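Please read the structure below before turning to the comments.
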Amino acid sequence: MPKINDVGTWLDIGPATQIDPGTARTIPVQGGDEIAVFHTMRGEFYALVNKCPHKQGPLSEGIIHGDSVSCPLHNWRISLRSGEAQGDDVGCTPTIPMKVDGGRLFLLREAVIPAPKAA
Amino acid sequence: MNVTVAQDRIEATGAPSRGRKLVVIGNGMAGCRAVEEILARDGTRFDVTIFGAEPRVNYNRIMLSPVLAGEKTFEEIVINGQDWYDDNEIQLISGDPVVGIDRAQKHVVTRSGRIENYDTLLIATGSDPFIIPVPGKDLDGVFTFRDLDDVDKMLAAAEMGGSAVVIGGGLLGLEAAHGLSLRGMDVTVIHLMPTLMERQLDEAAGYLLKAELESRGQTILTSANTKEIVGKDGKVSAVLLEDGTEVPADIVVMAAGIRPSTGLAKEAGLDVERGILVDDHMVTSDPDVLAVGECVQHRGLCYGLVAPLWEMCRSLADYATDSPTGYGGSVTSTKLKVSGIDLFSAGDFSGGDDAEDIVLRDASRGVYKRVVVKDNRIVGAVLYGDTADGNWYFDLLRKQEDVSDIREALIFGQAFASGGAALDPSAAVASLSEDAEICGCNGVSKGQVVACIDGGAHSLDAVRSTCKASASCGSCTGLVESLLALTLGADAVDSGPKTMCKCTSFTHDDVRGLIVEKELKVIPQVMQELHWTTPDGCSSCRPALNYYLLCAWPGEYVDDEKSRFVNERLHANIQKDGTYSVVPRMWGGVTSPKELRAIADVVEKYEARMVKVTGGQRLDIFGIRKEDLPHVWGDLNAAGMVSGHAYGKALRTVKTCVGSEWCRFGTQDSTGLGIQIEKMTWGSYMPHKFKIAVSGCPRNCAEATIKDFGVVCVDSGYELHVGGNGGIHVRATDLLCKVETEKEAMDVCAGFIQLYREDARYLERTAPWVERKGLDWLKAALFEDPQTVKTLAARFRYSQKFWQDDPWEKRAGGHNEKLHQHLAEVRPLALEKA
């Protein structure tokens with residue numbers, strides 16, 4: 001598995017083709033929250049902390065439709081754009097700013113890497 | 001090279017000078033358009049010299065596709081003939097490309113050594129085709145599709161006939177494929193992404209396009225990754241894909257994309273990222289050097305379409321003639337130039353939180369339209385089949401006009417949306433004449449529908465079954481509903497059975513029926529033909545459609561994993577902490593030391609946190625990480641165990657008692673029969689989970705009377721029970737029938753399962769299904785015709801030929817291993833050092 005160190009403003013997490021449309025993949029972060037990167041059927045990419053605001057279900061394993069994902073544990077629908085729970089449910093999952101450039105995916109470093117603890 | 005001669009020529013054409021010297025590198029659409037714009041503003045300001053790499057005048061590159069297709073000649077696509085250069089005293093130097101720019105000396109050098117001075121330089125080098133770096137890319141017979149030379153080469157090759165492979169299912173690739181196909185070649189398009197033209201089209205429109213091209217005889221391979229171009233004697237012979245498929249090819253056209261052509265600019269030391277960096281006036285990092293077209297990068301964007309180019313050229317000309325306006329970037333739209341296919345895409349159609357999708361699907365006309373509205377303004381549009389309103393939508397989009405007044409009728413197009421009274425759909429229906437046709441499929445008029453409603457049909461379903469309106473393709477459903485509301489008053493309408501989900505107006509039963517009747521074979525096709533109102537469904541309809549299709553078309557339908565719940569995608573049960581549990585199959589609940597040892601080893605090796613005996617007599621191993629699943633399956637497979645499907649809407653277990661072999665009360669071999677039944681039924685997908693039990697005597701130790709299918713052995717044979725459930729609502733089975741032999745018991749079991757598979761709604765267990773349909777219906781459906789059970793059982797066994805394979809085996813062997821792997825891992829340096 002490729003390992004990524006915290007260099008630069010953006011973290012290059014590899015080619016966009018690694019994630020098929022309609023699916024998601026995960027990135028564990030040492031000392032931080034696991035991140036789920038989603039590729040919607042219409043070709044958009046989004047990244048969220050991989051935890052449903054309800055019971056921390058792994059959103060990366062949910063069914064992706066439109067620009068939301070349905071959590072595999074209790075079917076909460078989470079917006080991939082805002083991380084907000086949809087419908088009558090209330091809660092929010094942190095989003096990770098990302099971009100696609102030259103066919104590669106980049107996550108905003110400061111949103112991924114936990115702040116170093118004071119010694 | 002003859003430098004002296006070249007210099008002589010410069011002197012010969014150098015005088016008399018009208019003013020400053022403008023040198024343009026690139027005789028394409030951007031370079032010439034920029035010159036045209038400048039001349040239109042001030043014809044005396046510059047002496048113009050244009051360098052073109054191709055030995056011809058300025059032509060319309062985007063019309064190369066019709067030339068390849070034989071629909072136009074080269075003469076017809078020339079924009080500016082030699083007259084234009086002569087009349088405007090433009091010096092055209094074609095066929096001698098510029099190879100260097102000396103910014104200090106302010107001159108350019110060509111391949112033949114010619115040197116030309118400039119006051120202002122304009123770079124319009126366009127873009128280069130992207131050659132994917134696979135082995136064999138340099139073989140004879142591999143072409144790009146960029147200029148007229150490419151077209152000529154392809155035409156020469158096409159005369160020999162044979163087969164062509166086009167790599168790239170974007171705009172360019174599809175146009176090349178169309179041309180070659182019209183020239184009589186067998187064409188295969190290889191596209192990396194699952195949807196054709198994925199940057200311009202959503203899945204639904206991409207599907208329609210693919211179906212249309214296939215019906216024209218092209219082969220379209222999506223999600224196909226080229227591994228190698230295979231050659232024979234230095235010439236192309238085939239294309240090899242990553243999955244091992246080999247497609248024979250006499251020629252290969254690479255149309256995988258374009259890249260801004262920035263080599264000259266880079267060497268000259270200009271600022272270049274993906275394209276040559278320019279400001280809003282198309283000025284590069286050198287104030288005397290301008291750049292325009294596909295070679296530039298403006299505000300972070302590179303454009304590969306023609307419309308932005310016109311806007312750039314206007315801004316450039318304004319600046320060059322001292323009246324700067326500034327270019328602010330472009331909103332682009334796309335049309336596919338393939339005759340007979342109407343396709344339009346503009347703006348951003350990817351939706352968003354506050355964006356609203358308005359979708360219109362008219363299957364009988366082959367039309368799909370989607371308009372995305374945000375804050376009452378159009379932000380994107382995709383049109384397929386009917387693009388007449390493309391320009392209108394694009395105009396509204398560019399002007400960012402408020403569409404709230406025409407919102408209701410927006411999707412029906414300009415004529416309807418602008419038509420005053422027609423704005424209110426129900427008013428539109430009310431104003432229809434009595435003989436206006438409502439349902440085109442069944443030829444039902446408004447008068448007939450109203451008469452049918454007046455006659456007592458007070459729901460959509462009642463109308464459908466009485467006068468057949470909306471009973472076929474369903475595209476008139478909205479009209480019929482409006483008529484119901486108009487005739488009865490909005491409150492009086494019986495809403496009827498619930499629709500499958502919010503994405504459709506059809507019920508589960510309708511959808512199932514129509515899938516078979518209309519021979520719908522893939523999810524996007526169902527969504528298109530049945531007028532889904534969302535672009536790609538939801539988490540409720542997608543798994544249901546996937547099931548209905550795999551049930552209807554065994555051996556044909558390709559399972560859609562992204563429409564499956566995680567348990568079925570990962571062949572294990574997700575638990576509350578995000579780990580998984582795994583249940584290997586134990587036929588009839590019988591196990592062996594070898595199997596127990598394998599399970600014990602797995603538990604230790606992968607640090608499972610619990611092993612538990614399930615209610616169905618199997619062992620459940622808890623706490624396995626997603627990454628470890630393939631290894632766990634591999635180890636269990638090695639001991640001869642296969643997946644227990646404990647995670648699926650599928651046959652789970654066949655619970656047994658020990659029966660006549662050991663039990664002093666046992667009347668038949670219940671364990672043996674249970675194993676036989678499990679060997680027949682395992683692997684089958686159902687509307688919901690399905691459990692079977694076989695008890696050896698009426699004491700019923702296997703609890704067969706609370707299972708979906710239960711066998712109770714008695715002295716004289718086998719009592720067969722159905723529709724039991726031990727879940728939230730405990731339900732004891734109904735006795736279906738009694739048979740004398742194991743063979744008969746197995747046949748009825750297979751027949752019953754198939755009837756349930758084909759009739760029940762997704763996520764409906766047998767208990768509510770049997771109650772809804774009634775035991776009498778069930779008995780009649782199975783036994784009225786003595787052949788029925790046999791026919792159903794045969795259909796079940798046929799389907800089992802395809803589904804009775806162990807999903808664990810493939811995964812353990814590395815199939816779909818992506819699903820189990822992280823994309824990457826982030827290890828902050830600060831933490832690593834600590």
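Backbone N, Cα and C atoms are what each Cβ position is placed from, and that goes for glycine too.
Per TrEMBL, the feature domain 'FAD/NAD(P)-binding' maps to B:21-297.
As annotated by TrEMBL, domain 'NADH-rubredoxin oxidoreductase C-terminal' applies to B:333-400. Within the model, the domain 'NADH-rubredoxin oxidoreductase C-terminal' (B:333-400) shows a mean pLDDT value of 81, rounded to a whole number.
Annotated domain 'BFD-like [2Fe-2S]-binding' per TrEMBL: B:438-485 (among others), in sequence order.
The annotation domain 'BFD-like [2Fe-2S]-binding' is assigned in TrEMBL to B:500-549 (among others).
According to TrEMBL, the domain 'Nitrite/Sulfite reductase ferredoxin-like' annotation covers B:575-638.
According to TrEMBL, the domain 'Nitrite/sulphite reductase 4Fe-4S' annotation covers B:648-784.
Long-range C-beta contacts of B:C701 ([4Fe-4S] cluster binding site), restricted to its own chain and to partners at least six residues apart, with a cutoff below 8 Å, comprise B:C657, B:S695. Look at TrEMBL and you will find B:C657, B:C663, B:C697, B:C701 tagged as [4Fe-4S] cluster binding site.
Feature annotation from TrEMBL assigns siroheme binding site to B:C701.
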**Study point:** Any further residue of that chain within 8 Å (Cβ to the Cβ centroid of B:C657, B:C663, B:C697, B:C701) of the recorded [4Fe-4S] cluster site
**Key:** B:V658, B:G659, B:F665, B:G666, B:S670, B:S695, B:G696, B:R699, B:N700, B:A702
Revision key, fill the gap. Within the same chain, the residues at least 6 apart in sequence whose Cβ is under 8 angstroms from that of B:C697 ([4Fe-4S] cluster binding site) are B:C657, B:G659, B:C663, B:F665, B:G666, B:T667, B:V712, B:C713, B:V714
Exercise for review: Run through the domain 'NADH-rubredoxin oxidoreductase C-terminal' (B:333-400) and tell me, per DSSP, how many residues are helix, strand and coil.
Suggested key: 13 helix, 32 strand, 23 coil
Revision key, fill the gap. Highest Cβ pair tally under 8 Å against the domain 'NADH-rubredoxin oxidoreductase C-terminal' (B:333-400), stretches B:21-297, B:438-485, B:500-549, B:648-784, lands on B:21-297
Revision key, fill the gap. Counting across all protein chains, other CB atoms within 10 angstroms of the CB of B:C657 ([4Fe-4S] cluster binding site) number 25
Check your understanding: Taking the Cβ of B:C663 ([4Fe-4S] cluster binding site) as the centre, how many other Cβ atoms fall within a 10 Å radius?
Key -> 16
Practice item. Sort the residues of the domain 'BFD-like [2Fe-2S]-binding' (B:438-485) into helix, strand and coil with DSSP and give the three counts. Key: 26 helix, 5 strand, 17 coil
